[in-house]
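Data block below; observations after.
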Amino acid sequence: MRPLPSGRRKTRGISLGLFALCLAAARCLQSQGVSLYIPQATINATVKEDILLSVEYSCHGVPTIEWTYSSNWGTQKIVEWKPGTQANISQSHKDRVCTFDNGSIQLFSVGVRDSGYYVITVTERLGSSQFGTIVLHVSEILYEDLHFVAVILAFLAAVATVLISLMWVCNKCAYKFQRKRRHKLKESTTEEIELEDVEC
């Protein structure tokens with residue numbers, strides 16, 4: 001084999017160097033191909049409320065969006081879809097999830113068991129991905145406790161009314177009893193005075 005002329009070796013070395021540089025640039029662009037923005041990372045809600053887990057993403061091409069849920073009760077996939085296609089919603093969240101093309105989801109009628117971490121993963125066609133987390137805290141409405149307190153207060157008010165009425169009746173009876181007693185005492189005193197007058 002004959003060695004290549006030195007001019008051709010340089011050209012081939014430069015083209016291999018450019019190819020490697022382009023490949024490295026493509027890898028860098030691929031790793032930063034997906035960006036994800038979460039405007040509200042923590043959400044507080046009450047039972048039976050509808051909540052929106054809002055996100056925004058940008059990437060090259062049509063990504064795959066996946067939401068998973070993690071809590072004390074375990075981890076489970078909620079939904080996976082590509083914008084513009086039918087969403088693959090898990091059985092546990094059927095009829096409770098609505099998806100949006102920007103990657104957001106809406107949960108209907110949340111309960112205390114829905115409290116936890118919601119992780120979104122946006123994966124680009126080339127394989128680069130980005131994930132974010134939203135923390136959801138669902139608290140119970142204290143209507144039952146307020147109802148209990150209202151019933152107790154109504155009961156105590158009724159008992160207080162009965163006691164006040166009994167005290168009023170007892171006071172009237174005592175007043176009448178004292179009046180009769182005074183009247184009898186007065187009569188007996190006048191009779192004694194009359195007897196003394198007669199004896200004298």
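Glycine residues also receive a Cβ, built from the backbone N, Cα and C atoms like all the rest.
Heads up, TrEMBL stuff is auto-annotated, nobody curated it.
The signal peptide annotation in TrEMBL covers 1-26.
Residues or ranges marked as domain 'Immunoglobulin' by TrEMBL: 40-139. Across the residues of the domain 'Immunoglobulin' (40-139), the predicted structure has a mean pLDDT of 91.
The transmembrane segment feature in TrEMBL is assigned to 146-170.
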Counts of helix, strand and coil residues, the domain 'Immunoglobulin' (40-139), according to DSSP: 6 helix, 54 strand, 40 coil
